[in-house]
């Protein structure tokens, strides 16, 4: 089934739920590292809000978009609370209350998410910062909140997901342009790269437009995206995960376990942009100023683990946690164990050549006044 519409992607794009060994909750250590690296940017954003007299408000409204069900969103809430307490002590002022909205698509495991909201995260109403948390299911590519209602928006490793597989990936004769691949690769024709960038441009612009209506003037957004350093989207730094998954799928095709047509017609609804592409889209939109934009690299694997099979297995489980729902929708639930077992073996083989580092982008924006 092709992911050709926003509605279809919204139904199947979510992380593995629960708390089992292939759940996102148990396999989010990499995104936890990314979030930790980006935490100073979020701290600075809260500090900036307080420098603009946002501490005089009765409540600070913050949203975490694409929150999933792992522990990372809890760290975000705790950090915002700590910064609010710190700034209000420095300013000798009464601390505003904190309203946090946790957003993700309808298939997200909100039960596991809210089960993890311990008193250590939210605190009690007698603390300096009274914290209230609400779930907001829905697509962040459209409006989610009333006009001028948000002061702070955070999103980590979510905005690079697309509303649909890129348009225009079939020829006039109806043939697949990206045959045998599920994402941009070195063998992809230029039209595939152009289609992916065009879809990201359209979707990120929709995201910015929706937030421009919801965020108050001078409000802040802190966005962390999976991105790339190179200007070429087919470089291995940005496509190696999808490339290895495509190899695993192709092997199951050769064994007769998957129809070849299913592989040829599947294109992942995700795009890892360059810093220049992100900057260009924000400036074209014109609703926000860029306060900070940087890229940084992290090892894709647990490098302190010496056993390559343990490292490969950890990486495969991490990838399975965020890809299985959308992959199984196309190729069938019944072959997922075989597919990811094959993927693990391919990853371990690739360890001999060393996997490339993963690039993340930190983007801090302020809503333009007027």
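Positions of Cβ are set from backbone N, Cα and C atoms, glycine also.
The Mg(2+) site recorded in Swiss-Prot includes 264, 266, 267, and the single candidate from 148, 178, 209, 329 that the record places there is 178. From the candidate list 31, 48, the residue Swiss-Prot records in the theobromine site shared with 157, 160, 161, 226, 322 is 31. The Cβ centroid of 31, 157, 160, 161, 226, 322 marks the theobromine site; residues of that chain outside this set whose Cβ lies within 8 Å of it are 66, 156, 158, 225, 270, given in sequence order.
Neighbour counts of Cβ atoms within 10 Å were compared across the binding-site residues 157, 266; the minimum falls on 157. Within 10 Å of the C-beta of residue 105 (S-adenosyl-L-homocysteine binding site) there are 20 other C-beta atoms, taking all protein chains into account. Residues 31, 157, 160, 161, 226, 322, recorded as contacting theobromine, have a largest CA-CA distance of 15 Å. For the pair residue 267 (Mg(2+) binding site) and residue 161 (theobromine binding site), the C-alpha distance works out to 12 angstrom. Compute the center of the Cβ atoms of 178, 264, 266, 267, which mark the site for Mg(2+); besides them, the chain residues with Cβ within 8 Å of that center are 165, 169, 176, 179, 181, 182, 263, 265. Checked against residue 318 (site 'Involved in substrate discrimination') by C-alpha proximity, the recorded positions 72, 139, 160, 333 yield 72 as the nearest.
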